[in-house]
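**Q** Among the features that Swiss-Prot reports, active site, nucleophile is placed at Cys234, with the record citing sequence analysis. Feature annotation from Swiss-Prot assigns [4Fe-4S] cluster binding site to Cys125, Cys126, Cys208, Cys211; the stated evidence is sequence analysis.
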Amino acid sequence: MSETKITYDDFNPHAFETLDITDETKGAREVIRWAYDVYGDSIIYSCSFGAEGMILIDLISSVKKDAEIVFLDTNLHFQETYDLIDRVKARYPELNIKLKQPSLTLEEQADQVAPALWKQDPNQCCYIRKIKPLEEVLSGATAWVSGLRREQSPSRQATNFINKDERFKSVKVCPLIHWTWDDVWDYIKAHDLHYNELHDFNFPSIGCIPCTEAVSGNGDSRAGRWTNSTKTECGLHTTNKP
């Protein structure tokens, strides 16, 4: 694997096409090691603290113990998510875990934009509470890590290990692209990792309270998000603006 730094302006889409993905982590450990060796302090992991996030935190901490981990705190998350963050902080005390707040409180958003904006215009709500905060976080970074997997949804099937991120004009590193949902849980159980307790109650994907529901039956691992809506992404991984 090349030690050359890949940037947004000097992007090489073919850098990892020959990577061996037959190891336990399907290439994830090697991609993470490369990313932190090359980018150092100029790479940030934006973590939602979902199941995939627990794996990435575990792998990242083995490479860079003081890595910067940012949680986009919309002020609309489940208490179980905040409890998980506290448990993760206790297990990995050297990690630099930060909670990034939006510029508007929920009360200010209701007054200045609309009450319960997530009902009237969920794209705008995600833009204010997630996309803009991440833009601020990444303003000084060259690259960021994401837990996207190809299996998660049709919109994510073309994701590569290294991606030119047009939304944030950055490089997006996605170490888990080849993992299945079973792979995720096999690793969590094998390494006795913490995870959000809502996963035990039929929540495969966990976001903000108003936009997340438990699911019944089989579906992709994004099921339960924005139910009865055509919306499938918060916007962090698309180039469309609200």
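Just so you know, glycine gets a Cβ as well, placed from its N, Cα and C.
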**Q** Which residue among the binding-site residues Cys125, Cys211 has the fewest other Cβ atoms within 10 Å of its Cβ, if you could check?
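**A** Lowest Cβ count within 10 Å among the binding-site residues (Cys125, Cys211) is Cys211.
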**Q** Specify the secondary structure state of Cys208 ([4Fe-4S] cluster binding site) as given by DSSP, simplified to three classes.
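**A** It is in a strand.
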**Q** Just going by other Cβ atoms within 10 Å, which of the binding-site residues Cys126, Cys208 has the emptiest spot?
**A** Cys208
